[in-house]
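Here is what Swiss-Prot records for this protein:
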- 1-19: signal peptide (SIGNAL)
- Gln39, His140, Asn185, Glu186, Tyr329, Glu402, Trp452, Glu459, Trp460, Phe468: beta-D-glucoside binding site (BINDING)
- Asn107: N-linked glycosylation site (CARBOHYD)
- Glu186: active site, proton donor (ACT_SITE)
- Cys205-Cys213: disulfide bond (DISULFID)
- Glu402: active site, nucleophile (ACT_SITE)
- Asn478: N-linked glycosylation site (CARBOHYD)
Amino acid sequence: MSLLTLVHILVSFSACVEAISRADFPPGFIFGTASSAYQYEGAVNEGQRGPTIWDTLTKRPGRVIDFSNADVAVDHYHRYKEDVELMNDIGMDAYRFSISWSRIFPNGTGEPNEEGLSYYNSLIDALLDKGIEPYVTLFHWDLPQALEDRYGGWLNSEIIEDFVQYAFTCFKEFGDRVKHWITFNEPYNFAIDGYDLGIQAPGRCSILSHVFCREGKSSTEPYIVAHNILLAHAGAFRAYEQHFKNEQGGLIGIALNSRWYEPFSNADEDTEAAARAMDFELGWFLDPLMFGHYPPSMQKLAGDRLPQFSTHASKLVSGSLDFVGINHYTTLYARNDRLRIRKLVMDDASTDSAVIPTAYRHGKKIGETAASSWLHIVPWGMFKLMKHVKEKYGNPPVVITENGMDDANHPFSRLEDVLQDDKRIQYHNDYMSNLLDAIRKEGCNVHGYFVWSLLDNWEWNSGYTVRFGLYYIDYKNNLTRIPKASVQWFSQVLAQKTAII
């Protein structure tokens, strides 16, 4: 046997050992892809849909890096049947999509729009016809502009009742077939990016004396918005519990985005800083949902700017979920901000934690960066995050509702190079392997994993400059869906019925 042959055998064996498959996960573990209405559907002026706060924001110069909008996006509104076939071809078990509130209620309230109901009924039925389970998100950032204009949207507690009515309508219309509901997607990002930094809709902030935003108050508004979201979530959960649970038997969760924060050093101050960082991101929402109150560190540092729950509200919010959705992409180091200079400069909610988040330690980056500068590839963060959720929150049922990475959309890249997305394959393999370790070694109660995303799509402030999809979208030629190498890889992962030892 030649040395070259031996090396080839060893490499092949190593690849086999490191490979991951459906069979490695617990029975009934769900694999799916995720999307959102605004990023996928397009057809913004069809079906009696009303305008949203994102339609408004994209008209402001400089808010989207390539000056694009999602008026067409990937035209999922017209091509959903084709996209369902793509999911089925890969072997996905589920599809997480969001309902556009403004398709159901174009003015935010009133009588439901029959065309909107018909569209989502057709999408749900198309999924079920292929044996794909719908996981439905009720709010993925696209608030009807009418409610923003009428009373200030999420800054006004009046929205709680309107959201519950919207959720009630969806439960009534779709709940006979939808058994997994997600009330809100990434309320942390919505509150911070929309009301603190002002970079996302509705684009409110006060940092640097209103240089970036016309109006807003970055030190208080994110807390008000988050509080109203928690109360709206709880109201929807209790409405389902009271009116639909017995008959429909569905489950309700929330999708919370969370990085893992690793202490910058072994010093107590950095260990405490990392804990605070987790409190101010994941704990901001999960502590009230599990314990009925905000984390003590938030209460101490935000003071009276942080709304408090009444005894009644605390009981309403506490325990108001059947599963926890986690959107996890990346990990950062957390360093104690001794001097509070960031707070002095910014005077906003995001600096209340007294933490300096950083991707660098001793001149070395925590992980390779994807196309987006915030997305550092750190697979072990998945393991540590799952362990944290288990240990702090009593091992609740968890679904990874988003995980993925992006490539840059370079206009002069060769198509064959773009389609060979080995980096994405490695990303998912490594993150899923760490998730599997958390399940096997730590007993973490994880039930599913959703890839962001099936298709390249419109990525908020990044517009069309990055690509997260398993399928390449040819934006210049009829939005043709072209499979990347990751499609074949996922197909093999999901087709594997026997665990590789």
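Using the three backbone atoms N, Cα and C, a Cβ is placed for every residue, glycine included.
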Cβ-based isolation winner (fewest other Cβ atoms within 10 Å) among the recorded positions Gln39, Asn185, Asn478: Asn478
Chain-internal residues near Cys213 (disulfide bond), provided their CB is under 8 angstroms and they sit 6+ positions away: Gly198, Gly203, Arg204, Cys205, Ser206, Ile207
Whole-number Å value of the largest CA-CA distance among Gln39, His140, Asn185, Glu186, Tyr329, Glu402, Trp452, Glu459, Trp460, Phe468, listed as beta-D-glucoside-binding: 18
Neighbour count (Cβ, 10 Å) for Glu186 (active site, proton donor): 24
Trp460 (beta-D-glucoside binding site) in three-state DSSP notation: helix
For Trp460 (beta-D-glucoside binding site), the one of Asn107, Glu186, Glu402, Asn478 that lies nearest, given that the recorded positions are compared by Cα: Glu186
Tertiary neighbours of Tyr329 (beta-D-glucoside binding site) (same chain, Cβ under 8 Å, six or more apart): Asn257, Arg259, Leu375, Glu402, Asn403, Gly404, Met405
Local backbone state of Asn185 (beta-D-glucoside binding site), from DSSP in three classes: strand
All-chain count of other Cβ atoms within 10 Å of Trp452 (beta-D-glucoside binding site): 24
Residue from Asn107, Glu186, Asn478 whose C-alpha is spatially nearest that of Gln39 (beta-D-glucoside binding site), among the recorded positions: Glu186
Rounded Cα-Cα span from Glu186 (active site, proton donor) to Trp452 (beta-D-glucoside binding site), Å: 14
Between Asn478 (N-linked glycosylation site) and Asn185 (beta-D-glucoside binding site): CA-CA distance (Å): 30
For Asn107 (N-linked glycosylation site): intrachain residues, at least 6 apart, with Cβ closer than 8 Å: Gly50, Pro144, Ala146
Nearest-integer angstrom distance between the alpha carbons (Cα) of Asn478 (N-linked glycosylation site) and Glu186 (active site, proton donor): 31
Gln39 (beta-D-glucoside binding site) in three-state DSSP notation: helix
